[in-house]
There are 2 protein chains.
Amino acid sequence: MLDRRRFIGAATIGTGAAIAGLAGSGPAFGQGAQALASPQVDFPENPRDFGGGGSAAGAVNRAEIDLFDCEVEGNWPQDLDGVFYRVGPDPQYPKDPKWAGDIPFDGEGHVSMFRIKDGHVDYKTRYVRNQRWKAQHEARRSLFGMYRNPLTDDPSVEGLSRGTANTQLFLHHGKLLVYKEDSPPVHLDPLTLETIDDYYTFGGKLNSQTHTAHPKIDPLTGEYIGFGYEASGLLSKDIFVFSADRAGQVNWSTTVQAPYAGMMHDFAVTQSHIVLYLTNMVADAERIRAGGVHFTYDPGKPCYMGVMRRGGDGKDLKWFTGANLFCTHVMGGWSDGDKIVTDWDGGEGNQFPFFPSKAPFEPAKATGLIRRFTIDLSSRTNDRYQTETLFPEVNGVLSRQDDRFHTLPYRYGYLNSGAGWAIIDHADSSVQQVTVPDYRLSEMTFVPRKADAPEGDGYLIGIGSSIKENGRSDLILVDTKDPAAGPVARVKMPFQVVGQVHGFWADASQIPGASAA
Amino acid sequence: MLDRRRFIGAATIGTGAAIAGLAGSGPAFGQGAQALASPQVDFPENPRDFGGGGSAAGAVNRAEIDLFDCEVEGNWPQDLDGVFYRVGPDPQYPKDPKWAGDIPFDGEGHVSMFRIKDGHVDYKTRYVRNQRWKAQHEARRSLFGMYRNPLTDDPSVEGLSRGTANTQLFLHHGKLLVYKEDSPPVHLDPLTLETIDDYYTFGGKLNSQTHTAHPKIDPLTGEYIGFGYEASGLLSKDIFVFSADRAGQVNWSTTVQAPYAGMMHDFAVTQSHIVLYLTNMVADAERIRAGGVHFTYDPGKPCYMGVMRRGGDGKDLKWFTGANLFCTHVMGGWSDGDKIVTDWDGGEGNQFPFFPSKAPFEPAKATGLIRRFTIDLSSRTNDRYQTETLFPEVNGVLSRQDDRFHTLPYRYGYLNSGAGWAIIDHADSSVQQVTVPDYRLSEMTFVPRKADAPEGDGYLIGIGSSIKENGRSDLILVDTKDPAAGPVARVKMPFQVVGQVHGFWADASQIPGASAA
């Protein structure tokens, strides 16, 4: 049986009090006796296990790379000057076999960057040196158990942040911030990728144990808007919402309550409001106690959208419900008087089959379509959001927009179907498809042609994997004014680059020291 | 036409006076007007061109990598504590198209290391930051033209060392030295691979513009024995021969003369003598003047072995000739009274088809067999070496031995046939073959089981390329006591590692700071 004192310790340090009540009833996960052991590094063969496949092509990567002056093909725009950043999970170590069923999203964050200038491209990757990475590096073994379940950790890491920093990154007030939604950002140097702060709290003002992977920018004020759910600790319903000015100084924050503790992966911000979104991927105390992952998909639970004024005290927060869609990423959103419109990609059911579910996984219901949610604040009694499906002929996930139009009415959105990228034009209801023969495409990111280019005028950038060349990667650049022409330029990598969840474009003018470097 | 002043400058600075007489008669290679240009980095598609294939699998690599705690399979010996180093050419930049016919051996040196300790293995690679690499890095383009032909260089690099440091490395007096035979060693930190001295001259005592890639160690005294040919500059017949003590202090040196200027890739050292070896890969002034590579294979020229006493003034040097074999690497050698025996791998004709030749390339004549050269010093009139072919059923190249038996009578030699490794036992005239199904094997290096293990008792280590996995690499360890069992352990790399010419094993006890690191 698990030692009660240690169990309580693991449950409370850094995770809040909410799970303390679970103490004493779970199986014995302790690994104290082996805490100093450093087993042979051998990943499981089963590709469904955590890190499965190991060194086989396309499985774990783990190589930190500098490739100066990559090979380039086509006509790389000579005036493009910035960095394309990417991040994704890349298992640092194989797990103890009893945690082999952990999900891929629990891999440690590996950041990559393409520094683009004068038609030359330098590539660099580094693991994020967060608290988790450093402890495991020192021990030469995995010390953290299941996805967002601190009860499965090695006792030696009590009190350390469990964050993997593996989901998305953002450049604001000169800092490259890397996110995992269960923990505060990690601050990296945007040119060297060195970790500067393994637990970045906006000068102590992030009054939350968590921070979303999808903050937004207000292009009119330059403000950064973020939130954290399960903010007060594991299973807590607290949501911390805040904004910071151009210099990163927190200028507004409040804490509100969710209907229940569940996944709140993305959110929308308009000029006047915050739109929180709670999916029915429910934080599951029973499963955590049993040594499982954090969530269970429960189609019987309603999804909610919570709307509150920006800059207020949060007491105006109102939760709306409606069609039980499962959405993951925001394309865009805005306020029009009392009407709030937000567009998301989403399915009718669970899109994450690797999470446990109370219903069988249905691939057809996982299909992502563009879902428009409209909320009318004019009626006090209305607590329903309205939904419609836009462009039903287009499916995909990982929706994005021209980030300069966060919070504002927008025209262009982008969607990734894996086979290609779709350019959505809401103004004329047209869709243009970008495909690259014999390549699979990762998420696209929009790059403005110039700082003051009109909305959507520029490029889509992202990684393509060559099917015919064993997954070898190209960085692909497509001109949004002529997507049918295919890539205008490519960076030809000599290998398959590290995997990603999301990417981010930063213009050199945003990056301190970039012009000199 | 080429500017005469600059031509003379390029020809004399760093290359000696021998080529100055060529001035004024060659074509105009100058690229002065474009010296500052930084063209798009795009390697040629033709795999026969320099850097041909570019980012295609198995072509150029160029990625500097840190992979901490590689995946390991099998039973890695827990007490093995050291580093397996490798180096090979890896084109830093595509050449100006007029030098696209340059040979692969002109690629810039890329060093890799596997740090092995406690059954864990850390991988690291770095380009050597020599003068050539730094100039090209700064300019973001190739600045050096054809293989060992300074007349083809961009004028901006006049006076810089042309050395690529791409052939072999050696650890002595705590320094990792990396070699190209046209230039002095480059000194790297043996743990970080940082370049410490881009032109290492043994404290100014290397009285030569060149240094072999294959120095030897005297295991009885710990002395390092090296030489440089074309020592006084391009096309010079001077050969500088020297030794240094355990602390790297040069304790003997002399300069002698070759019959003609030609390739002297390896040499043999016995307890009493130095055996220089001149092949009929002739330094070719006409070709250099015409903008070609340094050598022409001329089967009409005799090969020579030059024998001189260690520690003498070099006046006793005597050149022997005999069967016109083309040998590249020494397996072992020793003195027995007046008789000197050296074993090499070699063919009856040119083994380097990428060099120009006065006779058509004949693959059958390139086949490497173990050639034993015997020289009898007892007769003043004898100027012939005797040759015999050992183990005619075994062919291969890149012969090695247990390096602790340099200069001494030896029993075990190793040969690489590409398909596998051969373990030669001269005592019982047996051969054992090491093959790994579905893998091609690079050069093997012997690793003693323990510091005081008997000769040949230990492991062969080297890189295997998986044919079925698109060239993905394993580092393979074979027990010399049971080679038929196949690899006892492997490091499974997630990609094809950078190519190599040679590898070198250093025990941790030889590497300053290795135990603490």
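Cβ atoms here come from the backbone N, Cα and C positions, even for glycine.
Binding site for Fe cation per TrEMBL: A:HIS265, A:HIS329, A:HIS502, plus A:HIS214 from the candidate set A:HIS214, A:HIS273, A:HIS294. In sequence order, A:GLN168, A:TYR179, A:HIS265, A:ASP266, A:PHE267, A:HIS329, A:VAL330 make up the list of same-chain residues 6 or more apart from A:HIS214 (Fe cation binding site) whose Cβ falls under 8 Å from its Cβ. In the three-state DSSP assignment, the secondary structure recorded for A:HIS502 (Fe cation binding site) is strand. Residues A:THR167, A:GLN168, A:THR212, A:ALA213, A:ASP266, A:THR328, A:VAL330, A:LEU398, A:VAL501 surround the recorded Fe cation site, their Cβ atoms falling within 8 Å of the Cβ centroid of A:HIS214, A:HIS265, A:HIS329, A:HIS502, which are themselves excluded. Every protein chain considered, the tally of other Cβ atoms within 10 Å of the Cβ of A:HIS502 (Fe cation binding site) stands at 22.
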